[in-house]
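Visitor: According to Swiss-Prot, the feature FAD binding site maps to 37, 45, 50, 90, 125, 290, 331.
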């Protein structure tokens, strides 16, 4: 261990909607949390998989996008000062002799926490990669699975692979900035917003971009620079295409990953919990959201919010066994109003 661990009362693994709401529920009980996520921004599946698709089953919110839900949750938890540690995967979780939990991440950051909340969805998301020998040497140089700096593609010959929202969104965004944009998909059928598909076809018809149906089967590189790719169609015909940068959007593959090595009871790649505390088989470790399993489990954001509330109360009792944990309401409690930074209402 290179650095002294950050000591905490609570560490939340996963910054999706349920992990964010876990911050809120803990905050109401005066428990401050650190949040760790392997993705570069908060939001989990909502941001990575469907940022602009409508969600209709959030109570009292007739419709919102994944991005809007994430933004609202981040605003809701602002009063509680959670510290975020993004872009790093939790690799190790070990119970210490004093009962505390030592958490280690891929960035060699360590935490020593009294409680841990695993809100990792279906596990850590990893991009599905292009399966060509030696291609990994070009990653983050000329082959990208995430776009962090879109300006770097200006004036370049860009090839984008994929048939979902990410592929089409970036194709439409870069078509006016890049020297050329070619979209490659294995079939002429796209799982993206209808408006995006229509716009893409319009741009192809006017020769402002190109669509190729097929798969990349080989490539040529020189001095760590991508020079050319070869696309093979369904009939076996090949076409060579010059390229500067290649953007791959084959989707994200959820992997349980290191969680499987933490000594927790697992059933069908999910963590077994009780439905009173949502505690795992190790005291002080809770699992909420899609990562857990119990009789009658439904993988809904709404269900995850409920689980986060009960897990927070369980953790409060675990952290303060001699203290009676009072249920207070945000409508009437001056204490909660102070924590939330709002004034207590007056009633005539």
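Placement of Cβ uses the backbone N, Cα and C atoms for every residue, glycine included.
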Visitor: Could you say which of the binding-site residues 37, 290 has its Cβ with the most other Cβ atoms inside 10 Å?
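Guide: Answer by Cβ density within 10 Å: 37.
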Visitor: So if I measure Cβ to Cβ from residue 90 (FAD binding site) and keep only same-chain residues at least 6 apart in sequence, which ones fall under 8 Å?
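Guide: In sequence order, the residues whose Cβ lies under 8 Å from that of residue 90 (FAD binding site) (at least 6 apart) are 13, 36, 38, 103, 104, 105, 106, 258.
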Visitor: Given the binding-site residues 45, 331, which one's Cβ is surrounded by the fewest other Cβ atoms within 10 Å?
Guide: 331
Visitor: Are there any residues in the same chain, six or more apart in sequence, whose C-beta is under 8 angstroms from the C-beta of residue 50 (FAD binding site), and if so which?
Guide: 65, 66, 165
